[in-house]
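Q: Below you'll find the structure I mean.
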Amino acid sequence: MKFQSFFSSVLIFFTTSTLLLSIPHPVSANRSNQSSFLQCLSLQLNDSNIVSKVIHTPNDTSFSSVLASSIQNQRFSAPDVPKPVLILTPVQPSDVQSAVKCARRFGIHIRTRSGGHDYEGLSYVTHKPFVILDLRNLRSITVDVDNRSVWVQTGATIGELYYEIGKKNRTLAFPAGVCPTVGVGGHFSGGGYGTLLRKHGLAADHVIDARVVDARGRILERREMGEDFFWAIRGGGGSSFCVVLSWKIGLINVPSTVTVFNVTKFSEQSALKIIHRWQFVADKVSDDLFIRVMLQRYKNMVRASFPGLYLGSVKNLLKMVNKEFPELGLEEDDCTEMSWIESVIWFAELGEEPINVLTKRTRASLAFKAKSDFVQEPMPKTAISKLWRRLQEPEAEHAQLIFTPFGGKMSEIADYETPFPHRKGNIYEIQYLNYWRGDVKEKYMRWVERVYDDMSEFVAKSPRGAYINLRDLDLGMYVGVKRSKYEEGKSWGVKYFKNNFERLVRVKTSVDPSDFFCDEQSIPPFTFVEVI
């Protein structure tokens, strides 16, 4: 009786709610499909306790908090941003299977969310009726120290992953990003990089198995899915092909002592000299050394920061930098020795907290827009100076430019080994970011566009590359033109994936020919023509 009562209450929502009437779509057909979907899902779950934990309708008190909890870009929390008709929070893998099977049967559009860090909000926003599949409850992490491997569910964050590794062993690590609240689901499936990329490459380079739910609702591991499918989800964006439930990753060794450091400059002349020289050094120096460049405003001044990680002692670091990069002016007082897991906290700017600070899930308070580029030839000082002046503009109060060095392991892995193609020949990647508070966004977004335009002659061309994990809808998206999605998707797909785009399309055509898993920039199948 309890289950039937709960099911009746949620079904009544779908048959009577005026919320759905405000969404422009064929109302009667979609409402019928949504009710049928809910009935299908509720019957498959078949337990009132599970149903109440998994299904959240707009009438539920939990709906708003669940929706908002993983919105990491406040640009997509405004009242006029489309909201889902339903949020599902699976508590076990079979719940995901049920959701996919029922959604496919009744034509329900699903968006899958892990940590909510999609830069354009595509894991939780679209302009047609949709359901969010939020994987927050699938976050178990099993560390096998003896075999140097981990099974991690995709609702976990990289901070939680780092914490579990650090608890077990201080000389094992994983080469993923620096922001601890990023979900491992999207991060690994887009490539994923951090301070260890020059020594060990991308996170995706160390994925050795995966469990997914495919478009037919089957749970598959690497052996069952095949090597092409497995290749595609390690850098090609998993949400185009399946729902990734968990990853098996291989851990890497790090020294018991590493060194972090930071050098800051406020003088434009001093900063430009160092940045210009950095371009000739950062990708060629020992792969034990990672030095990032960050440009941003600080108390109405432009500040250049050079934070870095060295896999070794301060003594050896200073010896190397004084020889290879004396322009940096690195001194012993700029450096601190610590364990690798402590360096993760340092780069995340979390202070001197215990390592369990990495498990905290915080919600971003600012809106932002971002773009990315890859640089293959050193920029002249005039170009760097132009960036400095852009940061002095009023709209750049919270802007940030991040230069991430490549080389090392990144140059040793062929560009076709995973879908991420930006390997050998790239000196560094630039990320252009601008943050703001409030609803007035146009001037801040235009600032990013101006900077991006300024850099056009100094970055990779044919195509001008971009990183899928720094998603940018300005590159293009499906707009409903009556031509093949392949022709539309290729225009931006080659920017993210270069020659690997064609192989991704072949995989998509094989594993999801009806395009069940899709979004505004998803990989298209060859066979599918539709108005989105």
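Glycine is no exception: its Cβ is also placed from the backbone N, Cα and C atoms.
The feature signal peptide is assigned by Swiss-Prot to 1-29. Annotation comment: Swiss-Prot describes ASN30, ASN33, ASN46, ASN59, ASN147, ASN169, ASN262 as N-linked glycosylation site, evidence class sequence analysis. The disulfide bond annotation in Swiss-Prot covers CYS40-CYS102 and is backed by similarity to another entry. The domain 'FAD-binding PCMH-type' annotation in Swiss-Prot covers 80-254 and rests on sequence analysis.
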Q: In sequence order, which same-chain residues at least six apart have a C-beta under 8 angstroms from ASN169 (N-linked glycosylation site)?
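A: The answer is VAL143, VAL145.
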Q: Taking only same-chain residues 6+ apart in sequence, whose CB is under 8 Å from that of CYS102 (disulfide bond), what do you get?
A: PHE37, CYS40, LEU41, GLN44, ILE108
Q: I need the nearest neighbour of ASN46 (N-linked glycosylation site) among the glycosylation sites ASN30, ASN59, ASN262, using C-alpha distances.
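A: Spatially nearest to ASN46 (N-linked glycosylation site) by Cα position is ASN59.
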Q: How many other Cβ atoms are found within 10 Å of the Cβ atom of ASN30 (N-linked glycosylation site), counting all protein chains shown?
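A: I count 19 other Cβ atoms within 10 Å of it.
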Q: Tally every other Cβ atom lying within 10 Å of the Cβ atom of CYS40 (disulfide bond).
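A: Taking every protein chain into account, the count is 18.
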Q: Among the glycosylation sites listed here (ASN147, ASN262), identify the one with the smallest other-Cβ count within 10 Å.
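A: Each of the glycosylation sites ASN147, ASN262 was scored by Cβ atoms within 10 Å; lowest is ASN147.
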Q: Considering the glycosylation sites ASN33, ASN46, ASN59, which residue's Cβ sits among the greatest number of other Cβ atoms within 10 Å?
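A: Sorting the candidates by Cβ neighbours within 10 Å, the top entry is ASN33.
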Q: What does DSSP say about ASN262 (N-linked glycosylation site): helix, strand or coil?
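A: Looking at the DSSP assignment, ASN262 (N-linked glycosylation site) belongs to a strand.
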Q: Taking only the glycosylation sites ASN33, ASN59, ASN262, which one has a CA atom nearest to the CA atom of ASN147 (N-linked glycosylation site)?
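A: So, spelling it out, the nearest of the glycosylation sites is ASN262.
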Q: Consider the glycosylation sites ASN30, ASN33, ASN59 and say which one has the Cα lying nearest the Cα of ASN262 (N-linked glycosylation site).
A: ASN59
Q: Taking DSSP three-state, what's ASN147 (N-linked glycosylation site) in: helix, strand or coil?
A: coil
